[in-house]
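Notes to accompany the following structure.
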Amino acid sequence: MKKLFSMLVAAALVGTMAMAAQAVPQVPADVVIDHLSNPNAKLEYKVKFSHKAHASLGTDAAACQKCHHKWDGKSEIGGCATEGCHADTTSFKATEKDPKFLMTAFHSKSPMSCQGCHKEMKTAKKTTGPTACAQCHNQK
């Protein structure tokens, strides 16, 4: 009886671990964000983004939802330019405040944006990513 109980407990643990492994989304190591293009700009719009470095801040649903704020925690995670999120790529003004603009996803003061989160961390004297234009965008 003890042997049967031990086997059932072991099977339950293996099943639980397998389900947990499936729940964690696969994270690409690096991503190139290149949805915007402005030939008149002095800086490149294309940005190399280390998804792996950001994923190291946490792999639970809440950590992913810090940036992927429309993700339900179960379905496939979409990028910022996904329809229904920041799909409008027509604005090149970093001061644009409408959340539908892709530029807003990266440059607003909100802690859900790249720049907003980095500045919030910098204010809290935590290790952070870039907060100035040329730190992300290369000169043309």
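Yeah, the Cβs are placed from backbone N, Cα and C, and that goes for glycine too.
The model shown is predicted, which means the values in this text are computed figures rather than measured ones.
Here Swiss-Prot flags ASP34, LEU36, GLU44, TYR45 as Ca(2+) binding site, drawing on experimental evidence. Residues or ranges marked as heme c 1 binding site by Swiss-Prot on the basis of experimental evidence: HIS51, CYS64, CYS67, HIS68. Residues or ranges marked as heme c 3 binding site by Swiss-Prot on the basis of experimental evidence: HIS54, CYS114, CYS117, HIS118. Feature annotation from Swiss-Prot assigns heme c 2 binding site to HIS69, CYS80, CYS85, HIS86; the stated evidence is experimental evidence. What Swiss-Prot lists as heme c 4 binding site is HIS107, CYS133, CYS136, HIS137, and the listing cites experimental evidence. For 1-23, the entry in Swiss-Prot reads signal peptide.
Locations of recorded Swiss-Prot features on the structure.
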residue: LEU36; record: Ca(2+) binding site; contacts (Cβ under 8 Å, 6+ apart): TYR45, THR89, PHE92, LEU102, MET103
residue: HIS68; record: heme c 1 binding site; contacts (Cβ under 8 Å, 6+ apart): ILE77, GLY78
residue: CYS80; record: heme c 2 binding site; contacts (Cβ under 8 Å, 6+ apart): ILE33, HIS35, HIS86, LEU102, ALA105, PHE106
residue: CYS117; record: heme c 3 binding site; contacts (Cβ under 8 Å, 6+ apart): LYS66, CYS67, PRO111, THR128
residue: HIS118; record: heme c 3 binding site; contacts (Cβ under 8 Å, 6+ apart): THR128, GLY129, PRO130, THR131
residue: CYS136; record: heme c 4 binding site; contacts (Cβ under 8 Å, 6+ apart): VAL47, CYS114, PRO130
residue: HIS137; record: heme c 4 binding site; contacts (Cβ under 8 Å, 6+ apart): LEU43, GLU44, TYR45, VAL47
Proximal residue to CYS133 (heme c 4 binding site) among binding-site residues ASP34, HIS54, HIS69 (C-alpha distance): ASP34
Separation of alpha carbons, ASP34 (Ca(2+) binding site) and HIS51 (heme c 1 binding site) (Å): 15
Number of Cβ atoms other than its own within 10 Å, given for CYS64 (heme c 1 binding site): 20
Among ASP34, GLU44, the one of these binding-site residues whose Cβ has the fewest neighbouring Cβ atoms within 10 Å: ASP34
Cβ-centroid neighbours of heme c 2 site HIS69, CYS80, CYS85, HIS86, 8 Å, sequence order: HIS68, LYS70, GLY78, GLY79, ALA81, THR82, PRO99, LEU102, ALA105
Maximum Cα-Cα separation (Å), residues HIS107, CYS133, CYS136, HIS137 listed as binding heme c 4: 12
For HIS69 (heme c 2 binding site), nearby residues of its own chain (Cβ under 8 Å, 6 or more apart in sequence): MET112
Residues HIS51, CYS64, CYS67, HIS68 [recorded heme c 1 binders]: greatest CA to CA distance in Å: 12
Assigned element (helix, strand, coil) containing CYS117 (heme c 3 binding site), judged by DSSP: helix
Lowest local Cβ density (other Cβ within 10 Å) among binding-site residues: CYS85, CYS133: CYS133
Distance, ASP34 (Ca(2+) binding site) to CYS64 (heme c 1 binding site) (CA atoms, angstrom): 21
Residues flanking the heme c 3 site, with Cβ no more than 8 Å from the Cβ centroid of HIS54, CYS114, CYS117, HIS118 and excluding those residues themselves: CYS67, SER113, GLN115, GLY116, MET121, THR128, GLY129
